[in-house]
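Colleague: Mind looking over this structure? Questions follow.
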Amino acid sequence: MEQFHGTTIVSVRRGDKVALGGDGQVTLGNIVMKGGARKVRRIYNNQVLVGFAGGTADAFSLLDRFEAKLEKHQGNLTRAAVELAKDWRTDRMLRRLEAMLITADATTTLVITGNGDVLDPEGGICAIGSGGAYAQAAARALVENTDLSPRDIVEKSLGIAGDMCIYTNHNRIIETIE
């Protein structure tokens, strides 16, 4: 059976502001199943942003586990991410999950992968999902050549990804921490 997948999640950090956004498309194979899914959320008393790409059920499972790790480590984003990645890599059932997360709080942005990687993005820009490369390239160009806010950069980057990637649409949800 095919999995639900396909999305774009992008995050931009500039100064003391961070924005994280995603599109709303969910596909099953080559069929659009839903256009308004919410793949970007606020968790841990609205202090942490999280966006997910990959298999929808897998992503929700990881999101629940990440939230539990945040609670356990009193909101320490880096510690929670490392602990989730360790579990993800060593637990036989978790290893089968196909998803990625971008997480951000007031000071830190991290990408968490199923390979057990916890990555601190270069230049405060990161993107995941099927349209991630398009969104990341657009965001990098906008950061280097404009004074736009992180929110505006994320919005424009998702728009460009939506124009280019068939698994990304223009229904955007963007969250910010300032």
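Glycine is treated like the rest: Cβ placed from N, Cα and C.
According to Swiss-Prot, the protein has these features:
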type	residues	note
ACT_SITE	Thr7	active site
BINDING	Gly162, Cys165, Thr168	Na(+) binding site
Colleague: Can you tell me the CA-to-CA distance separating Thr168 (Na(+) binding site) and Thr7 (active site), as a whole number of Å?
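Modeller: Between the alpha carbons of Thr168 (Na(+) binding site) and Thr7 (active site) there are 5 Å.
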Colleague: Give me the Cα-Cα distance between Thr7 (active site) and Gly162 (Na(+) binding site), rounded to a whole Å.
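Modeller: Given the Cα positions, Thr7 (active site) is 9 Å from Gly162 (Na(+) binding site).
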Colleague: Using a Cβ cut-off under 8 Å and a sequence separation of 6 or more, which residues in the same chain sit near Cys165 (Na(+) binding site)?
Modeller: Thr8, Ser130, Gly131, Tyr134
Colleague: For Gly162 (Na(+) binding site), which residues in the same chain are close in space, meaning a Cβ under 8 Å from its Cβ, but six or more apart along the sequence?
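Modeller: Long-range Cβ contacts: Thr8, Asp23, Gly131, Thr168, Asn169, His170, Arg172.
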Colleague: According to DSSP, does Gly162 (Na(+) binding site) fall in a helix, a strand, or coil?
Modeller: helix
Colleague: For the recorded Na(+) site formed by Gly162, Cys165, Thr168, name the remaining residues of the chain with Cβ within 8 Å of the site's Cβ center, in chain order.
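Modeller: Neighbours within 8 Å of the Cβ centroid, excluding Gly162, Cys165, Thr168: Thr8, Asp23, Gln25, Ser130, Gly131, Tyr134, Ala135, Leu158, Ala161, Asp163, Met164, Ile166, Tyr167, Asn169, His170.
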Colleague: Provide the number of Cβ atoms within 10 Å of the Cβ of Thr168 (Na(+) binding site), excluding the reference atom itself.
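Modeller: There are 29 such Cβ atoms around Thr168 (Na(+) binding site).
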